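K.L.:
Have a look at the structure that comes next, please.
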């Protein structure tokens, strides 16, 4: 079992503590920005603010070089110009707190006691890395709130609002599209059976058990299949249900509507800077990715662009496979998908870790049933490997960036070790965690953690 800290605080106290942590970091950041040469505020926040300034002057936000985000973000941060330059950091802080509220609601819906949910939630709300990234002015928490909010709404069977928020999140940043397959898998025949969101207690279903997979059973009797092609076609036809089509049309419709409006106003420049640029992006600095050294060596070569595009193939295949296999437990699946997506991505910076850390408080309960995954065993080893490889990489990056030493080969070795550790962690999580579908076959939320004591 995973042993949690023995502190006892309420969720309100946890929120207040998280808010206080952000306040302290915001105050310190302001002091560092005004007194030290090295600034606390992320360069991305300066780019956001400059883009917002162009908007207030009636110009395109893309007048600001390296602004490669939706114009909606620049519009959202125009109070930086009109009121106070730190306004956006308060938005990102609020998004951190909103994510904490959503995590608490999701854990409670799945049967966890209030006090135990607070302890898991502290992994997010009191996480210094999360607070640091947001208070430095990075917008990843806004995307995380949209994604988690859409999952929560879909879990509550409010598909219309869930589809809107999901489509909006994909417009803001394309990576949430990787969850589309998992969401569709979750919306199986049992998803809509219950009239409402009645929560009932159900027996646990662990990975590999018969009820944790979608079945091709009709009327309780399996149809014999002699032709694998016929079976595949039949399964595909069974997969295409009105509920799934409806969600796809609604979420896709919102995405294309918002994106179309931005294209109408800002033209091809918006399309390229926000989406197309990232397909052929080359980034050989500040990049944890295993592919960074190849990008560095082929930076001016046409083959570098081709390799960059080809790296999407194994990444996409892995993400799709995970989505189909584990989609019924959307939170467990989303963590695995995001972790794999970031590990295989050709560009990886520290803020990308926020993409999967947001699911961490919802993943760790899945490890609790396996002593092998406890913090005294593989859980501790995985954390050491994850953090240790980053520390090794950062030490070599410091020698390169600040001391001017040629450590590119050392950085490549560190990136390779980090990639290998991520592969190992992913395998351990898939084989060691409990796979717990969100809904039972009557469409009610399974209270899988209701029997666990504090």
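Note that Cβ sites are derived from N, Cα and C of the backbone, with glycine treated the same way.
Note that this is a predicted model, so its numbers are computed, not measured.
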K.L.:
According to TrEMBL, transmembrane segment applies to one of these ranges: 269-289, 290-310. Which one is it?
P.N.:
290-310
K.L.:
Looking at 219-237, 352-370, 371-389, which one does TrEMBL call transmembrane segment?
P.N.:
352-370
K.L.:
If you look at how TrEMBL annotates this chain, which of 186-207, 406-427 comes out as transmembrane segment?
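P.N.:
Checked against TrEMBL: transmembrane segment maps to 406-427.
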K.L.:
With an 8 Å cut-off on Cβ pairs and a sequence gap of 6 or more, do the transmembrane segment (87-107) and the transmembrane segment (406-427) reach 3 or more such pairs?
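P.N.:
No, the transmembrane segment (87-107) and the transmembrane segment (406-427) are not in contact.
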K.L.:
Are the transmembrane segment (317-340) and the transmembrane segment (406-427) close enough that 3 or more Cβ pairs fall under 8 Å, when only pairs 6 or more apart in sequence count?
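P.N.:
Touching, yes - the transmembrane segment (406-427) and the transmembrane segment (317-340) meet the threshold of 3 or more Cβ pairs under 8 Å.
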